[in-house]
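Trainee: Have a look at this one.
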Amino acid sequence: MAAQLMGAPAFLSALQHVAVLALTKNNNRPQLVYIRFLDNFSWSIFLVPSLSATTVPSTSTAVSTAVLGRGLTSYDPSGFVQFALRSGVREQDWFVRLMATVLCVIALLLLVIAASGAWAYVASRAAVGYDSESASAHSRYVQLRTLSHQCLGLLVVIGFLAVLPLTYIAVVELLQDGSTSLWSSTNGLLAVATLLLLLLSTVVLLQWLHRQSRIALAKWRVRIVFGVLYANMQYDRRCFIGAVFFLETVIAGIVAALTLDGVSQLLALMVVHGLFVLLILHRRPFPSRVHLHATLGVEGFLLILYSIGAGLNMRITIQTQLVLSYTAVSLITLAVVGVWVRQLVLLAKYAGCSTNKAAEAGDNALLEMGHLPLTTSRGRPRPPAATL
């Protein structure tokens, strides 16, 4: 799937906003199916649970929260602590674990980019003649250069998707170290550096995007790498991706910092998404109604999920909790299955259209050859055959 397509980044971004429900604070006893189902989406925010994760009794959760409470008088990361206990990884280790996951993914992509670039250079050196081997080398060079640019585009997508988890884990680390001294912990320094790097990268990217002309952004090499940022925006709204980055940052900050009450946390998320919808309706950044309706549909879906999560944190009966939990699980399952079915239908339609077009083109070419006059290799009409 090409990196500049809207489907994959938008789908993964929506999964990230669903996965943050596993990190929110739960005042009531959480439903097992609901919580474990949400934990399955933690990979989308680069939170990879331990393979040896075991079920921890509720007393361990209380003890861990109490231990943190003795060191932190104004910060209660109970939602994050509960997730850490369910995943089998200590909350103190998640910052390093997430950073290592992101860096390993980036390093793997850079390795593929370097290898494909070096192989493409070797192929370009071999494509110097006009024989069949040179033609094959040139074709291989084009394929490798395309692969290299696609990996660069995938690297941009990974950077976009890493904004929310990196901001969240950095804010959690800063708030945990805030009661003692910010500069006494290595993780605290790395958290500050991470936030500054994200801010600087976003500012530089928006400045570069603002300075580019319409022709420059339409070039194939630029579009295949950075197209995910502006391909689905109007040219005069190409910097609207900054609002998306701001939304990711605010969502991560709310989930990490606003932990006094589970209902207030989810209501704040609903307010932020509602303001984002109003901004979309006011600015109209998308070139077609399809993009607008798809984005509004995703935002409405997230608002429904957050409202269900807020209802689960209220004083309701066990039966009502079960109904709301299975409703949320069913909605998420239907949405994921619907997206995959749509992609399969589009893929089948694309493959069928390509096959039909190729067959029709071949038949038309054969039919037209019967009506064309015979020519020599230089394109001149062939003289009629001599008669005896």
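Cβ atoms are placed via backbone N, Cα and C, with glycine included.
According to TrEMBL, the transmembrane segment annotation covers 94-122, 151-169, 189-209, 239-260, 266-282, 294-316, 322-341.
Structural setting of the listed features?
Mentor: Among residues of the same chain six or more beyond the transmembrane segment (151-169), those with a C-beta under 8 A of the stretch's C-beta atoms are 2-4, 8-9, 12-13, 16, 20, 23, 44-47, 94-95, 98-99, 102, 105-106, 109-110, 112-113, 116, 191, 194-195, 198, 201-202, 224-229, 245, 248-249, 251-253, 255-256.
With a cut-off of 8 Å between Cβ atoms, the residues of this chain six or more beyond the transmembrane segment (239-260) that come close are 13, 16-17, 20, 23-25, 75-80, 160, 163-165, 167-169, 171-172, 175, 198, 202, 206, 209-210, 229-230, 233, 268-269, 272-273, 276, 279, 283, 285.
Sequence-distant neighbours of the transmembrane segment (266-282) (same chain, 6+ residues past either end, Cβ-Cβ under 8 Å): 20, 24, 243, 247, 250-251, 254-255, 258, 292, 295-296, 299, 302-303, 306-307, 309-310, 313.
Panel annotation: around the transmembrane segment (294-316), residues 6, 10, 14, 17-18, 21, 24-28, 30-31, 34, 261-263, 266-267, 269-270, 273-274, 276-277, 280, 286, 324-325, 327-328, 331-332, 335 of the same chain, lying at least six beyond its termini, place a Cβ under 8 Å from a Cβ of the stretch.
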